[in-house]
Amino acid sequence: MEFIFFLAAAVKAGTCLLYATLGEIISEKVGHLNLGVEGMMQMGAVVGFIAGFTFGNPYAAVLCAAIAGAAGALIYGFLTISLKANQVVTGLTLSIFGVGFAAFFGKNFVGKKVPEAITTFFAPIKLPVLGDIPYIGQIFFNQSIYVYFSYFLVIAIYIYLYKTKWGLNTRMVGENPVAADASGIPVDKYKYLNIALCGALCGLGGAFLSLVYISIYPVNVVSGRGWIAVALVIFA
């Protein structure tokens, strides 16, 4: 039984990595291996926590976290797409910027807890039927709604990338942008949209840490998890 609890805890702990990895996969599909994942997660974590602490609304917290991550990604996109800056240097700079951003805006919130309304909203929920499956139910289907949403995203992103015209265009932009442009696909538009989506997912991954996993804002809440997500995309 203790081993089951350990596996359930591992699923919860890995949720932030799943969000960030899904985001990085989307960015990589348009030819941008964004090394700024750590920074975007930091931005999402601090903005999500501040919004949650200020408004006491889980929807506002999650939305603000996604917007913060997307904003960081769009900075990266503008520099690498429009200004043709080096992707590696820009990504590393974004990571450093995100850490500094979180340190500056989060300094007055270190050690503070998220409101009880948010803690209650993201508390584990046992799913009917699925939660009653021996072992599997306890591990995967007695989790927070934040974790369940990550399951949905895995399926949704797979369908988007491999079962839709937009996904085909996205992959073509990453594999052969010249041919994509010649066939009438708006290359820069696809790059910007997918890079922004990457940032939003990374922001959600960071917010999971500050709102759900820890529920108290610490210094450097992400602690290198963004780099683990990058490594998973590169080596998986």
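Even glycines carry a Cβ here, placed using N, Cα and C.
If one looks beyond the transmembrane segment (33-53) by at least 6 residues along the same chain, the residues whose Cβ comes under 8 Å of a Cβ in the stretch are 16, 20, 23-24, 27, 60-69, 71-73, 76, 87-88, 90-99, 101-102, 105-106, 109, 112, 114-115, 118, 195, 198-199, 202-207, 209-211, 217, 220-222, 224-227, 229-230, 233-234. Feature annotation from TrEMBL assigns transmembrane segment to 33-53 (among others).
Taken from TrEMBL, the feature transmembrane segment applies to 60-79 (among others).
What TrEMBL records for 85-105 (among others) is transmembrane segment. With a threshold of 8 Å between CB atoms, the same-chain residues lying at least 6 positions outside the transmembrane segment (85-105) that come near it are 32-43, 45-47, 50, 72, 75-76, 79, 219-222, 226.
Per TrEMBL, the feature transmembrane segment maps to 143-162 (among others).
Taken from TrEMBL, the feature transmembrane segment applies to 192-216 (among others).
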> What residues in the same chain, six or more past the boundaries of the transmembrane segment (60-79), come closer than 8 Å to it by Cβ-Cβ distance?
Replying inline: 23, 27, 32, 34, 36, 39-41, 43-52, 85, 90-91, 94, 97-98, 101, 114, 118, 191-192, 195-204, 206-207, 211
> the transmembrane segment (143-162): which same-chain residues, six or more beyond its ends, come within Cβ distance under 8 Å?
Replying inline: 8, 11-12, 15, 18-19, 22, 25-26, 29, 121-125, 127, 170-171, 201, 208, 211-212
